[in-house]
Amino acid sequence: MLVLVSLVLCLTGFCLLQWALKERKIVKGLPPGPRPKPIIGNLLDLPPPGALDWLHWLKHKELYGPISSVTIFGQTIIIINGHRVANELMEKRSGVHSSRPHVPIAELAGWQYTLGFIPYDSRLRAYRRALHQEMGNATSISKYHNILDMETHRLLFRILKTPDCLMQHLRKEAGSIILRITYGYITEPEAYDPLIDLVDKAMEDFAQVILPGGWLVNFIPMLKYLPSWFPGCDWQRRAKAFKQRAKAMTDIPYAFVKQQHEQQKHIPSYVSRLLEQNNIKLGSEEELVVKWSAQSIYGGGAETSVSVFACFFQVMALHLNVQKKAQEEIDRVVGASRLPDLSDCKNLPYINAVVKEVLRWHPVAPMGVAHASSKEDIYHRYVIPKGAILVPNIWAMAHDPDFYHNAMDFEPERFLKSGRNEQNPEYDPHQFIFGFGRRTCPGQHLVSANLSLGVARVLAVFNITNAVRDGKKVPISPEFSPGVISRPAPFELSIQVRNAECKRLIEAVGMKFPWEESHAEALAQLRI
């Protein structure tokens with residue numbers, strides 16, 4: 001008991017000392033915000049558990065304007081609720097505001113090397129060079145068009161067979177695309193796949209790691225030195241389990257590619273091309289860059305695609321008029337004798353507008369990903385101190401009435417040159433949905449291509465409406481989960497094939513893309 005009391009007293013004393021030292025460093029002239037309390041600062045002003053943080057921080061815009069601040073245990077956090085502030089700080093001044101905040105739980109949980117957590121340094125530049133070379137523009141992703149063609153067609157087939165398993169099918173499609181592109185890994189076409197299962201569980205861990213305000217150790221780093229048996233420190237056991245899965249998610253598929261490459265059985269992929277281009281030594285910095293940039297592709301690509309597609313299906317059932325107009329465009333431009341392909345997308349302006357509006361109406365990452373300032377800066381009359389965390393409220397920007405007419409409504413027409421927008425369509429959400437400046441998502445072109453093709457094909461062959469139970473429509477409430485990656489709350493739909501010809505087109509997938517033997521067995525035999 002005496003030992004516990006001593007530890008508590010030491011912890012309290014250390015926290016007070018840490019706060020006192022930070023208090024001396026606080027610079028006058030921060031952006032406005034709620035008055036901080038001694039020691040804890042604005043800890044009690046954080047969103048409560050389960051709250052939608054983008055709506056919580058939107059209140060700051062009403063109270064303080066497009067830029068505001070809070071301080072937690074001496075750490076300054078800048079809340080950005082406006083396009084102009086975000087563009088000025090994170091685009092035009094990206095040389096100053098492109099780092100990432102230090103997140104102790106990321107290291108404890110084994111995620112410190114993923115793209116979203118590493119600071120702006122030579123390692124990040126190495127990641128981005130490798131990723132840009134593979135998927136940095138529309139031309140570089142053309143080598144993946146056949147994979148997108150195959151997996152979106154297979155998605156249609158799975159939905160046709162079991163429409164009630166929509167989310168499972170979306171995860172299978174996204175996982176199959178990303179794992180094939182990144183590692184040359186062929187997933188199980190229908191059954192359980194061990195690698196998809198592993199990475200999905202690891203990504204569930206990641207969602208917990210990045211939960212805003214979810215880990216006190218991020219505000220009081222010295223808590224990491226307390227033993228896991230200490231009262232209130234059971235989070236350390238969770239972090240240890242997360243670390244094991246993060247390591248497995250990174251090491252196992254990388255080892256799979258190396259083995260396949262050595263046996264000359266590999267399918268060309270992101271990792272295999274980097275292995276061929278570089279003399280990569282075991283345990284080297286180059287190997288770390290390859291392994292972790294590859295791992296980052298799944299988090300950035302698969303999670304985004306699943307969430308956006310889920311939102312798309314929900315919103316189509318809510319807006320049948322939009323669905324009908326989109327189907328009329330596809331029927332007129334593509335016809336009924338084939339599925340749309342990527343070459344059609346440039347001739348489908350309404351489909352492209354639907355994709356943009358899905359991205360805008362509910363951004364997949366409503367609060368974006370936090371930036372950090374590498375040196376002190378001045379914005380208008382406000383001081384942005386070195387080490388400040390910048391949090392862009394993407395949802396607020398996507399619903400800014402100064403940029404979007406009837407911002408809460410789902411209106412793809414806002415992006416077309418017609419009616420009130422004949423001269424200037426409204427602001428393209430691609431300009432901010434995928435991040436800012438030097439931290440823009442490097443896989444955005446791949447994600448956009450998959451969304452455009454998937455949306456066009458789904459609407460070409462399916463009608464999406466409310467589910468019916470006991471003769472009555474099941475209402476759909478557009479509610480969303482909190483967190484960095486936000487998805488629609490569970491909902492029910494009716495997904496019916498439009499006609500017999502559409503059914504024939506879907507079922508032709510086996511002729512065009514014969515099912516392949518998966519790599520699940522090879523993965524099971526892998527020894528690392």
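Keep in mind that glycine also has a Cβ here, set from the backbone N, Cα and C atoms.
Swiss-Prot lists 2-21 with the feature transmembrane segment, giving sequence analysis as the kind of evidence.
Listed in sequence order, His445 are the same-chain residues at least 6 apart in sequence whose CB falls under 8 Å from the CB of Asn137 (N-linked glycosylation site). Taken from Swiss-Prot, the feature N-linked glycosylation site covers Asn137 (among others), and the record attributes it to sequence analysis.
The heme binding site annotation in Swiss-Prot covers Cys441. The local packing around Cys441 (heme binding site), expressed as other Cβ atoms within 10 Å of its Cβ over all shown chains, amounts to 20.
Secondary structure at Asn450 (N-linked glycosylation site), taken from DSSP and collapsed to helix, strand or coil, is helix. Within 10 Å of the Cβ of Asn450 (N-linked glycosylation site) there are 27 other Cβ atoms, across all protein chains. The N-linked glycosylation site feature in Swiss-Prot is assigned to Asn450 (among others).
In the three-state DSSP assignment, the secondary structure recorded for Asn463 (N-linked glycosylation site) is strand. Annotated N-linked glycosylation site per Swiss-Prot: Asn463 (among others), in sequence order, evidence recorded as sequence analysis.
A C-beta separation below 8 Å, combined with a sequence spacing of at least six in one chain, links Asn463 (N-linked glycosylation site) to Gln323, Ile495, Gln496, Val497, Arg498. For the pair formed by Asn450 (N-linked glycosylation site) and Cys441 (heme binding site), distance between Cα atoms is given as 15 Å, rounded to the nearest Å.
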